[in-house]
Amino acid sequence: MPAAFPVTAATPAGAEALDRLRHWPGEHRVAVGLSGGVDSSLTAALLVEAGWEVEGLTLWLMSGKGACCAEGLVDAAGICEQLEIPHHVVDSRDTFQREIVNGLIEGYQAGITPLPCSRCNRAVKFSPMLQWAQEKRGLARIATGHYARLRFDETTGRWRLLRGLDARKDQSYFLYDLTQEVLARVVFPLGELTKPDTRLEAARHGLRTAAKPESQDLCLADHHGSMRAFLDAYLPPRQGEIVLQDGTVVGEHDGIEHFTIGQRKGLGVAWSEPLHVVRLDAAMNRVVVATRDQAGRSHCVVGAINWVSMAPPAPEHSQMVQVQVRYRSAPVPARLTTMTAEASDAAAERPHRCRLDFDEPQFSITPGQAAVFYDGDAVLGGGLIQTSA
């Protein structure tokens, strides 16, 4: 235990977290993904206090300033020094550029609104960190500061991914793409804590990051100052028309990448009633808008599904679920019906598709975003929205 470790008693939430970690099944040796923020810092501190053998692992994702850049590396190194644990840095900038930045730009150019965070978790963070920890340090587990919970279901033999206790900070939406193989080797120490609990516990440990401001949800926006600034750095302005669904021109834009489905504000269009973006036409470089009574969507098709808390169902399986179609949106009821994979999808890594029929029209069904299916707090699965109508 580090000499500078706190002697004051843990908060009730902190004490419960420590008890869970002390009784966690299996080996208590772990690499902690450290971004340099308060959440990952406390994750490492709690594991050390619970008696785990802990090593810090930071992925260097971008050059410049920010949580995933040099600033984050410095704070992460400082935390490891304070906790008296080893700190390792893996240069993942090329992988991040290839898997996330390039894919994001290509998506916006194609007229979709990509969700980089879930792909980053799967392709850049969790699986690569597990591989590095196992191969380089002989560590079978990783831990992160995500607000989500895990439970093993003895009946199904599957790990169930659950919402974090703090509804405002719950990050299960971004974790739907993690496989059972990954979930079996992951620990989420903050899953039962609220953000205020985290701040209090970080202060109790005297962590240098205890009062550090939160970064934006999207690290690229945080890195560039805004999402628009990020897009402007990669995509030159390309003027086009804003049109009604019948083709009537009602305005102009300087790039479809600056718009998303459901958007009402910032269109720069004067009309007799509010207009909403309903489609981005990349081929014609057009933003298609409609009044609210025309903007609702009753169903959508979801592809590249990853089944989490439930095994992949048979084609034409149907059940009611709660669906979340944006990170900050509330879940809504819908009927999920699985579909037979198309010939073009048959060889894909994740060929599963489904149709979602909503109880009431939805106004933010956005191709490229994730639709995540819930049963209560449990993530049943999720995939990427392909089409809507």
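Using the three backbone atoms N, Cα and C, a Cβ is placed for every residue, glycine included.
What Swiss-Prot lists as active site, nucleophile is Cys120. Taken residue by residue with DSSP, Cys120 (active site, nucleophile) is part of a helix. Packing around Cys120 (active site, nucleophile) is summarised by its Cβ count: 26 other Cβ atoms lie within 10 angstroms of its Cβ, all protein chains included.
Under the heading active site, cysteine persulfide intermediate, Swiss-Prot lists Cys219, citing sequence analysis as support. Under the three-state DSSP scheme, Cys219 (active site, cysteine persulfide intermediate) falls in the helix class.
In the three-state DSSP assignment, the secondary structure recorded for Ser35 (ATP binding site) is coil. Residues or ranges marked as ATP binding site in Swiss-Prot: Gly33, Leu34, Ser35, Gly36, Gly37, Val38, Asp39, Ser40, Leu59, Gly145.
According to Swiss-Prot, the disulfide bond annotation covers Cys120-Cys219. Cys219 (active site, cysteine persulfide intermediate): 22 other CB atoms within 10 A of its CB, across all protein chains.
Counting only same-chain residues six or more apart in sequence, the Cβ atoms lying under 8 angstroms from the Cβ of His146 (site 'Interaction with tRNA') belong to Asp39, Gly164, Gln171, Phe174, Leu175, Phe188, Leu190, Gly191. If you look up Swiss-Prot, you'll see His146 (among others) marked as site 'Interaction with tRNA'.
Feature annotation from Swiss-Prot assigns site 'Interaction with tRNA' to Gln369 (among others); the stated evidence is sequence analysis. The 10 Å shell around the Cβ of Gln369 (site 'Interaction with tRNA') contains 23 further Cβ atoms across the protein chains shown.
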Cβ-Cβ neighbours of Leu59 (ATP binding site) (radius 10 Å): 25
If H, G and I count as helix, E and B as strand, and all else as coil, what does DSSP give for His146 (site 'Interaction with tRNA')? coil
Can you tell me the CA-to-CA distance separating Gly33 (ATP binding site) and Gln369 (site 'Interaction with tRNA'), as a whole number of Å? 25
Roughly how many angstrom lie between the C-alpha atoms of Gly37 (ATP binding site) and Cys219 (active site, cysteine persulfide intermediate)? 12
If you measure Leu59 (ATP binding site) to Cys120 (active site, nucleophile) at Cα, how many Å is it? 12
Cβ density check for Gly33 (ATP binding site), other Cβ within 10 Å (all protein chains) comes to 23
